[in-house]
Amino acid sequence: MALFSAFQTTFLLALLSLKTYQSEVLSEPLSLAPESLEVSIDSARQCLHLKWSVHNLAYHQELKMVFQIEISRIKTSNVIWVENYSTTVKRNQVLRWSWESKLPLECAKHSVRMRGAVDDAQVPELRFWSNWTSWEEVDVQSSLGHDPLFVFPKDKLVEEGSNVTICYVSRSHQNNISCYLEGVRMHGEQLDPNVCVFHLKNVPFIRETGTNIYCKADQGDVIKGIVLFVSKVFEEPKDFSCETRDLKTLNCTWAPGSDAGLLTQLSQSYTLFESFSGKKTLCKYKSWCNWQVSPDSQEMYNFTLTAENYLRKRSVHLLFNLTHRVHPMAPFNVFVKNVSATNATMTWKVHSIGNYSTLLCQIELYGEGKVIQKQNVSVKVNGKHLMKKLEPSTEYAAQVRCANANHFWKWSEWTRRNFTTAEAAPSEAPDVWRNVKSVQGHCVVTLFWKPLSKLQANGKILFYNVVLENLDRPSTLKLLSIPAPANGTELTLDRCSYQIHVTANNSVGTSPASVIAVSGDPGNKEVEEERVKGTEDGFCLSWKPQPGDVTGYVVEWCERPGDPLCDLQWKNLGPNTTSTVVSSDAFRPGVRYNFRIYGISTERIPYLLEKKTGYSQELVPSDNPQVLMSNLTSYSFTLSWKDYAAESQPGFVQGYSLYLKSKAARCLPGSEKAVLSDDSICCKYKIDNPKQKTFVVENLQPASFYEFFLTPYTSVGEGPQGAFTKVTTPDEYSHILIRIILPMIFSILLIMILCYLKSQWMKEKCYPDIPDPYKSSVLSLIKSKENPRLTIMNVKDCIPDAIEVINKQEGTRKSLTETEPTKPTYLYLLPTEKSHSGPGPCICFENFTYNQAASDSVSCGHVPVTPKAQPSQLGLLTSSENVPKALGKNYVNSLGEIPAGETNLNYVSQLASPMCGDKSSLPTNPPEPALCSEYKTQMAIPMGLASPPSITLLDEGEHDH
Amino acid sequence: MKVLAAGVVPLLLVLHWKHGAGSPLPITPVNATCATRHPCHSNLMNQIRNQLAQLNGSANALFILYYTAQGEPFPNNLDKLCGPNVTDFPPFHANGTEKTRLVELYRIIAYLGASLGNITRDQKVLNPNALSLHSKLNATADIMRGLLSNVLCRLCNKYHMAHVDVAYGPDTSGKDVFQKKKLGCQLLGKYKQVIAVVAQAF
């Protein structure tokens, strides 16, 4: 029973509760709650992806709904994000929604819940929130692993200027962890005991390889880090523009923004979207894209260019009318026709840009690289333009471009054509000048002319015609044709007067004639040359106006004065001109230019008026004169440099500077102290007269050393520093000595020459071969003794060819004065009656006054007996070494000391006198010495030694017979 | 059979160099005939020694270049970031027989070669302007290739070994940039340490 009652009670309660439920359901409207909510994470993007669906919708029912999503962090009560997401929902449709977390998802646990409500006007009764779903928890930390430390986010890529949140997750509570960015410690906030968060604001671009951010624990070897990549801000495209050239294709261009600055290049994409047509195209290239113009005559275009990379999307817009963006193609079929000397016609065609469009074409005419004509022409299809006022025989370039005349957008490219106008006859007469020389009675005229300028020639000059008109015989004409490009010719004329006509000719015609006359009278009058000073602008020349009729003036000069082909130049001037400036690029400093100014008479005859000479720029003298020194005295010397060519110097020599160095401290009068470039001090004489070529340096000191150096100077300065010449003044008396010694030397030389010339006479006078006994000094000695018995032996007294035999008493000693004359006994060698002329036996006598040694060379050939073979007494004297000995003694005494019996026979020559004597005093018929006797060469014995013995020997009274 | 073996060995060698191969691969089949494409050099051991000396001589420079290019904190935290903590690095026993040492050397060079390939690939992306580092990495890899060939020649010729099991380091392609830098630095630190020992052992 009890069991039954319990069952009954339970049944009733269940029935009651069912009834209650049924009443509730029926009383409340149907709610559409999100179901099957799933949450997933994308760590790389730090995103939570939500996925859900709504099941309670009827089949094919589609409602607009709003879903409210709540995201909490760490704990569910800490809601950090609430968002309403509206969308259209179908039954069982999977709905998705994503949320990007600022905090890396690994840093904290996240929970998500949501509820939904119908937001559809069709079902207003359902506009209330459904119940919340349960919290869906996302906890990445639990799946990280067991490492002690983690740092998030990994490899984050952000734009510079962004805010980045970094965190670390530590597994240990004890460790104190510090984190660093670029070596600088970061300070964060503790999210929970294991998690710390760092907020980096406005991060800069640091480097393209990213930035290391790391955290390390105080204890242990744990370092963990991440690399943060900060890219540069992705810029929007610039200069977005579209245009068409053919109305078929639009070409859109833009300038992409700067690079992201990361090596891991962020891929960029560019998309072109046209809103009117709704078409979209992905551009292949980074800076341009083509768009096909629709064939349905769409005029307006609204383009959106979207540039996109991983981080950002940028868009630019462009709205335009197609016909306003026409960039015409370059004109084609461009020709230059009907080209004459002064006109030409240009024709061209253009690409059509529509049936009613007109193009504006611009024509430019270039001459010598510059625009000389510019013209605009309206063109439909064909264009034509006449170019006037052209120069003959000139190269031109004509170019044309076009643009839309109604809505100018851009000019087309130029189309260019070159052409040359036709030639015309030369417009100007050639500028002619002449040079006249007289050669062997003829007049040689060299004609010069300047080539016509391009404007004057009007074409290529082919030849020049020279017509010679003899003024004395007017009917006589002579024509010369000189082919171009000659600029002159030489004519040999007689003394007549001529008028010369020169014309230039091209293929079309002849120029006006240039007339110049040559007079039979050269009329070269002497004109004094004036100096003219050149400047940087040239030479300013002026001349006196001529009183008579002058048709003009001509200034003539040579541009290369030193050259035989002096490059003659001239300048024509009007009759009222009396000055001009002659300038030329050929003028060089230091070169003297000579100018001649001619007047042109009414008969076209030039006559010389003035001469000018000058330098465009004077320089210092290029070389110094060769100085000759003369008249050197003790007090002065003279310098001269007459050969110095002052005219060839690169400036007008105004004088000379003489530098004199001396030991004297003071400079002489007329000079002043000067310091040379080597800092040495000397005295300087200034010679102001350039024509003075000698200079006397005076007031010098005798026997002093000087150095001098002479240099010319121009208005610019002195010549080059050269070597000093050394000079020493002579002693004061040396000139006197020279005056004496020179005549003496001269006299001695004269005497010597005379002596040489009169040597024979001198010999005879002074040292004859056969001395004259009468002239001997012995005579005086003899006379002084007054011995009357002593006489000079006469030739007559000689008995030739006989030997006088002298018997000498032994032991007797007598002096010369005591010797008794005895009658000599002669031993005749030849018959006395025989003539002397015949050859006979020859006896050689030794003359003891002659040198024995010298006599050896002329030993007698007739007698084989040599003196050495003579008896001993002779032998004593023949020895050369004994001669001085013997002669050194008093011969008188020596004779007395001769031992008796040693010598008792002496041979005495009967021909030769033992004394010096005059040959002229010899007998008129002297014996022939060459036949019978010879004398040996006399030895040069001192007079004091030689004389006494000879005297003794020849004194016949001395000898005992 | 010879032809087959001659073709298989180089092919497997090529496969062996594939970057990031994480699991051990047999160089040749176990029963493959030992054969080399080219005759081995007569003075093979000397060449091996020279190559080891060459590697040993350049290892430190390579290590310095590497960690310098990575930027802070690497140069100042070498012990923490670049310590030779490579757990799966092949062992080497310097006091073993020549055959053992050659086999171990082969494994080490194979391991290092693969790892250097990964490092080179990563650094070309992470530090494209560090040209001297790239050059050094390439030069080291070249020497290792030659050394591997010589060791194989030696094993084949003298010990008739045609097969050596090798293992490779972890593939870094999926790692984050900081981790790539760190693994590379650790590997090169280990390489510097090991190559000194190996060069000394030969």
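First residue shown is number 1, and so on along the chain.
Cβ coordinates are placed from backbone N, Cα and C, and glycine is handled just like the others.
Predicted automatically and left uncurated, TrEMBL annotations should be read as such.
If you look up TrEMBL, you'll see A:330-424, A:429-524, A:526-619, A:621-732 marked as domain 'Fibronectin type-III'. The signal peptide annotation in TrEMBL covers A:1-27. As annotated by TrEMBL, transmembrane segment applies to A:736-757.
Remark: secondary structure over the domain 'Fibronectin type-III' (A:429-524) totals 4 helix, 54 strand, 38 coil, with classes taken from DSSP.
For the domain 'Fibronectin type-III' (A:621-732), the DSSP-based tally of helix, strand and coil residues reads 3 helix, 45 strand, 64 coil.
As a summary of secondary structure, the domain 'Fibronectin type-III' (A:330-424) carries 0 helix, 53 strand, 42 coil according to DSSP. Helix, strand and coil content of the domain 'Fibronectin type-III' (A:526-619), in residues and according to DSSP, is 0 helix, 51 strand, 43 coil. Confidence for the domain 'Fibronectin type-III' (A:621-732), expressed as mean pLDDT, is 88.
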